Amino acid sequence: MTLASQIATQLLDIKAIYLKPEDPFTWASGIKSPIYTDNRVTLSYPKTRDLIENGFVETIRAHFPEVEVIAGTATAGIPHGAIIADKMTLPFAYIRSKPKDHGAGNQIEGRVLKGQKMVIIEDLISTGGSVLDAAAAASREGADVLGVVAIFTYELPKASQNFKEAGIKLITLSNYTELIAVAKLQGYITNDGLHLLKKFKEDQVNWQQ
């Protein structure tokens, strides 16, 4: 079993991901979605947490061997990033969604040196907007952002477009395609549900039609 399928299995088992193609969720954007993800709960399950953190470390070593600092996005990327930095004996920092409105007005908390090679940790990629904003902030502070590594992606076309336009490399430990395949295999969804989930990936607006 691949790492992607192992993580997909764990996310379903601990209910970090819910699939309801026949009774969809409503995202903050107003989009009706057959999937809901809360990867924060992975921190409460040591087996799942270890699988994810070890996966992060292996992936970073394979794709970004020159990394010098790990950064987490506030707030979901902070705990994972801190654990990864500890495992890799690397400095850690975190990136706020916007600068503080008091004190020194920092957006990056921690010490990042000019030109330091950074990998940013995120828990979930939908369109990628927030983590790309974080990457831009890190670049403005002088970091050399090598890429983003995340637990899971919905594989939305908008995300691919956004990362391509930003020139930022994205790697995820698991993904939507792997997840729905595992969900069908393990009986979480029906054939009809699988069909709807595939349609959502292709067209997030009209998938129910």
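Every residue, even glycine, has its Cβ placed from backbone N, Cα and C.
What Swiss-Prot lists as 5-phospho-alpha-D-ribose 1-diphosphate binding site is ARG96, LYS100, HIS102, GLU122, ASP123, LEU124, ILE125, SER126, THR127, GLY128, GLY129, SER130, and the listing cites sequence analysis. Swiss-Prot lists SER126 with the feature orotate binding site.
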Other C-beta atoms that fall within 10 angstroms of the C-beta of ILE125 (5-phospho-alpha-D-ribose 1-diphosphate binding site):
26
Number of Cβ atoms other than its own within 10 Å, given for THR127 (5-phospho-alpha-D-ribose 1-diphosphate binding site):
17
C-beta crowding around SER126 (orotate binding site), within 10 angstroms:
20
Give me the CA-CA distance between ARG96 (5-phospho-alpha-D-ribose 1-diphosphate binding site) and SER126 (orotate binding site), in Å, as a whole number.
18
Within 10 Å of the Cβ of GLY129 (5-phospho-alpha-D-ribose 1-diphosphate binding site), how many other Cβ atoms can be counted across all chains shown?
12
Which residues, sitting 6 or more apart from ASP123 (5-phospho-alpha-D-ribose 1-diphosphate binding site) on the same chain, put a CB under 8 Å from its CB?
ASN39, ARG40, THR42, ALA76, GLY77, HIS80, ALA150, ILE151, PHE152
Using DSSP, would you call GLY129 (5-phospho-alpha-D-ribose 1-diphosphate binding site) helix, strand or coil?
helix
